[in-house]
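Visitor: Just passing along the structure, written as structure tokens.
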Amino acid sequence: MHVDKKNLLHRGHSGKASGASRRFKTLAYCRIDASGRCALSVRDRRFSISSFPPANVISLADPVVRAVTLIESHERFVDLATLHHRVAVDLTRSIVPGDSEHFLKVRRGVADRLVVAASTLPDNLRLLVKEGYRPLALQRTYFDKHLADLRRALPSDTPEETLLELASRYVAPPDVAAHPTGAAVDLTLISADGTEADMGCVLDATDEESSGACYTGSQFISRDAVRNRHILSAAMTTAGFVNYPSEWWHWSFGDKYWAVVQRQPNAIYGPVDEHVVQEWTV
């Protein structure tokens, strides 16, 4: 996939963002009964089952994530548009929900680690960030809509716990979501000429759309895609980020999910209202 260079920003350059809001993603999984068959019938064709996530994935709905203590650092936000020549940004807003002007901002600690990650990449590759901060109110709206869609599509006796688990696969619950804290980035790799690397499926694809290729550890992708994911993963983990295994493109540092995966005593970034982001931007 080739990215229009007019919509990429590098150090010392500027541009005006444009593009469409992200389509709301929706997906459901079935329970497996003793015979190995799906125990839930799905009534809406949008909810067809293509594959199952790895068994060892820690869900964002897991109580252990919610239980993490937050000690807010009050760390400032940084605009990635002028961060570093090896960290490009996508101004098309192709996956960005809403119209927030802060979608390319992250906490200072996240920005610093992106520079570290970019510096470890092969010389012919750079990072391309598509989304950073997301308003908390918008995150809440999307999660509530996703949950409502699942309730309509699944049997009426589906336990609430199951619905929350399913909803959390692709839309993080507002109280644990990383994007509203400034801790997360959705990103990919690009070559020197702005061409996006083959990552196995498009960034932001659902399980349904990608036949499971959205999972970071998917075995249903090409060798080139596997290699590129390894390159991205090595760079991001070296810099201290953690990945949400349902989405190869989603990486975070400092949020509650990061604290669980890294066995940290607390999270350091909590949700920030949109009007505060402007005040906290350096």
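Each Cβ is built from the backbone N, Cα and C atoms, and glycine gets one as well.
Annotation source TrEMBL lists site 'Transition state stabilizer' at ARG134. The Zn(2+) binding site annotation in TrEMBL covers HIS179, ASP186, HIS250. Residues or ranges marked as active site, proton donor/acceptor by TrEMBL: GLU247.
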Visitor: Give me the count of other Cβ atoms within 10 A of the Cβ belonging to HIS250 (Zn(2+) binding site).
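Guide: If we count other Cβ atoms within 10 Å of HIS250 (Zn(2+) binding site), we arrive at 24.
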Visitor: To the nearest whole angstrom, what is the C-alpha distance linking ARG134 (site 'Transition state stabilizer') and the residue listed as 'active site, proton donor/acceptor'?
Guide: 17
Visitor: Using the Cβ center of HIS179, ASP186, HIS250 as the Zn(2+) site position, which other residues in that chain lie within 8 Å, going by their Cβ?
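Guide: Going along the sequence, the neighbours come out as GLU131, GLY132, ARG134, ALA178, ALA184, VAL185, TYR244, GLU247, TRP249, TRP251, SER252.
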Visitor: Whole-number Å distance between the CA of HIS179 (Zn(2+) binding site) and the CA of GLU247 (active site, proton donor/acceptor)?
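Guide: The separation of the Cα atoms works out to 14 Å.
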Visitor: At the Cα level, what's the spacing in Å between the residue listed as 'active site, proton donor/acceptor' and ASP186 (Zn(2+) binding site), rounded?
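Guide: Distance (Cα to Cα, whole Å): 9 Å.
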Visitor: Can you tell me whether DSSP puts HIS179 (Zn(2+) binding site) in helix, strand or coil?
Guide: helix
Visitor: Other Cβ atoms within 10 Å is the metric here; tell me which of the recorded positions ASP186, GLU247 scores highest.
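Guide: Checking each of ASP186, GLU247, the winner is ASP186.
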